[in-house]
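Remarks on the structure that follows.
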């Protein structure tokens, strides 16, 4: 049914021991994670700074066959495309370049960035922050591989899962039954059912994975939720 990312649970490495990123990535994958969610923060689009293309390229050397979802929280995502493309991996389709609508649409370059990502042979992801209406993404729906719905405000710590964002997920799922829909922010075993029931098939979880007492158990709980409700959605379509 879904075509972009091969799995369901993608740990956000921001919550891992960043001093040993490759080892921490492998630890989550060995515990059952399907892919890695890499948050690139430039200190402008959001206040924090995380890491850039070089770190992703280095991580790729240790994880040549793993799908990377690169979440670009950057003011000028068009400037990072070619550099991130160097970390695509051992075969095509192992990297999604996921950028924010809010960073490009005010400058009228959303389509330009989509085209640039495709020209560099990466999957295309488009992100909506909580205050951006879902209609902003729908007009690009037939040109992207992944829709990322933020369930917290990007760049602000200590937030809770915003349940109201699930209406966006339901709307996208109804409009694009085969779209990969990812949710990011405050998703843990206690909140994952809301996302899965709404139609999200890709779950980003940071502390829900890396801060868990039993990482494998938390990943398993969330994956079972996505699989269960995903099958129900397929059955009704």
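A Cβ is built for glycine as well, from the same backbone N, Cα and C atoms used for every other residue.
What TrEMBL says about a protein is an automatic prediction, not a curated fact.
Taken verbatim from TrEMBL:
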ACT_SITE  39  active site, proton acceptor
ACT_SITE  184  active site, proton donor
BINDING   12, 71, 155, 156, 157, 158, 186, 206, 207  substrate binding site
BINDING   37, 39, 71, 184  divalent metal cation binding site
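Shown here: features listed in TrEMBL, placed on the structure.
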residue	record	Cβ contacts under 8 Å, 6 or more apart
12	substrate binding site	37, 39, 184, 204, 205, 206, 209, 210
71	divalent metal cation binding site	37, 38, 39, 40, 98, 125, 127, 148, 184, 204
155	substrate binding site	41, 45, 46, 47, 48, 73
186	substrate binding site	151, 152, 159, 160, 161, 162
207	substrate binding site	15, 188
Exercise. DSSP three-state call for residue 207 (substrate binding site): helix, strand or coil?
Worked result: helix
Seminar exercise, completed: Residues lining the divalent metal cation site besides 37, 39, 71, 184 (CB within 8 A of their CB center) are 10, 12, 14, 38, 69, 98, 148, 204
Problem set entry | Winner by Cβ contact number (other Cβ atoms within 10 Å) across the active-site residues 39, 184 | 184
Exercise. Which of the three DSSP-derived classes (helix, strand, coil) applies to residue 155 (substrate binding site)?
Worked result: coil
Seminar exercise, completed: Counting every protein chain shown, other Cβ atoms within 10 Å of the Cβ of residue 37 (divalent metal cation binding site) number 28
